[in-house]
Amino acid sequence: MYSFAILFLVSFFGTLYVLPHTIRKLTESNQVAKDMYKVNTPNVPTNAGMVLLFTSFISLSTLPFFNRIMGLFLDSNQGIMDLNESNFAFLLVVSVYALYGLIDDLVDIGRKLKVVLPIAFGFPLISFVNANTIWIPIFGNFDLMDTFYSDILWNDLFRIIVIPVYIMVVSNLVNMHSGYNGLQSGLSIIIILTLLIKSNIDGKIEGVLPASSFIGSFLAFWLFNKYPSKVFEGNVGSLLFGSIIGSIIVLQEYWWFGFFILLPHTFNFILWLIWLYLMRKDPDKYLQADGNHKKFATLRSDGTIKVPNKLTLKWIPNYYFRLNEKQSVIICYFVSFFFCLSGVIIFY
């Protein structure tokens, strides 16, 4: 576990060190976004997600050096790990997702490309995941080593289709369940820590070694991103969070465990589908005068949030109770923590 500790500490303190400077520079370069749930909607620096990727990579690049130093003082190399091929494939996937998020922030990629293009980003993991069976509800265990057609196995189709789509779906689920200070970063930390705990219980945590570096940078970032937020992650951060979660699930083959702990995010997506339907069925009620949907709630004089409906998960607590942004985020944390803890127990 020494390597995990090294990655975490270097990334955590490195991010703590660079973020104040980053916040200042982002503000000076007008890389800002409005904080919609504060009085006067102040501008907050955004797109800090690329800095998280950078500090995490700095931590990972120093790992061989620190490993050799540790080896000089330890009687054995137990607990010292170097990056393997699957780790590098994992890093390639999350890097492409993060770069894609940055490009989207800068040039606004069209809707069609946003749906199709990310499917290709998960292909590097195909060579490192070789599921033999998968449990399907009602049908039970399905043998993926059976022949689909000629020399093509079900396993081949599974790897080519399910793996990239799974990562893409998870990335979008994480991206959609956001909007409050510290919500997305906090939930991502809870889920990634849960996946690492599950991996450690199953004795295969070395397969996701880079995740400890990302957890370090995310925790440091959360200290600046929590209410009241001093910096936002931007699309680059959103897709970075989601791709890491999706990649860990795929590499560890936690198909149903991952689905379970992401049930709140899935429920949020279902609410969004219902919202789309209602906007078409009753546009006068669910659309604004300009034809756009009501993307943001409003702030009451006492600081509580008044939401237009209960068709997104983060709005449900505000719909029934007079809560401020911080209280709503804590409730969302608790909901995800409940499913994560339950998942570890159920899938033990």
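The backbone N, Cα and C atoms fix where each Cβ goes, and this holds for glycine too.
Please treat TrEMBL annotations as automatic predictions, because they have not gone through curation.
Positions annotated as transmembrane segment by TrEMBL: 6-23 (among others). When Cβ-Cβ distances below 8 Å are used as the criterion, the transmembrane segment (6-23) is approached by residues 45, 48, 51-52, 55-56, 58-60, 62-63, 66-67, 70, 209-210, 212-217, 219-221, 223-224, 230-231 of the same chain, each at least six residues removed from its ends.
The transmembrane segment annotation in TrEMBL covers 44-66 (among others). Sequence-remote contacts of a segment are chain residues at least 6 beyond its ends whose Cβ falls under 8 Å from one of its Cβ atoms, and for the transmembrane segment (44-66) they are 3, 6-7, 10-11, 14-15, 18-19, 22-23, 26-27, 31-35, 82-83, 91, 94-95, 98, 101-102, 105, 210, 213-214, 216-218, 220-221, 224, 229-241.
Sequence annotations record features per position, and here TrEMBL assigns transmembrane segment to 86-103 (among others). Residues 47, 49-50, 53, 57, 60, 109, 117-118, 121-122, 124-125, 127-128, 167, 171, 207-210, 214, 234-240, 242-244, 247-248, 251 of the same chain sit 6 or more residues outside the transmembrane segment (86-103) yet have a Cβ under 8 Å from a Cβ within it.
According to TrEMBL, the feature transmembrane segment maps to 115-137 (among others).
Look at TrEMBL and you will find 157-175 (among others) tagged as transmembrane segment.
Sequence-remote contacts of a segment are chain residues at least 6 beyond its ends whose Cβ falls under 8 Å from one of its Cβ atoms, and for the transmembrane segment (182-201) they are 174-175, 207-208, 211-212, 214-215, 218-219, 221-222, 225-227, 229, 233, 237-238, 241-242, 244-245, 248-249, 252, 254, 257-258, 261-262, 265, 314, 329, 332-333, 336-337, 340-341, 343-344, 347-348. The transmembrane segment annotation in TrEMBL covers 182-201 (among others).
Marked as transmembrane segment by TrEMBL: 207-224 (among others).
Long-range neighbours of the transmembrane segment (231-250) within the same chain, counting only residues 6 or more positions beyond its ends whose Cβ lies under 8 Å from a Cβ of the stretch, are 19, 22-23, 26, 33, 44-50, 52-53, 90, 93-94, 97-102, 104-105, 121-122, 125, 129, 163, 166-175, 178, 184-185, 188, 191-192, 195-196, 199, 208, 211, 214, 218, 221, 224-225, 257-258, 262. Summarising the annotation, TrEMBL assigns transmembrane segment to 231-250 (among others).
Annotation comment: TrEMBL describes 256-278 (among others) as transmembrane segment.
The transmembrane segment annotation in TrEMBL covers 329-347 (among others).
Long-range neighbours of the transmembrane segment (256-278) within the same chain, counting only residues 6 or more positions beyond its ends whose Cβ lies under 8 Å from a Cβ of the stretch, are 135, 166, 170, 172-174, 176-177, 187, 191, 194-195, 198, 245-246, 249, 285-286, 293, 309-314, 332, 335-336, 339-340, 342-343, 346-347.
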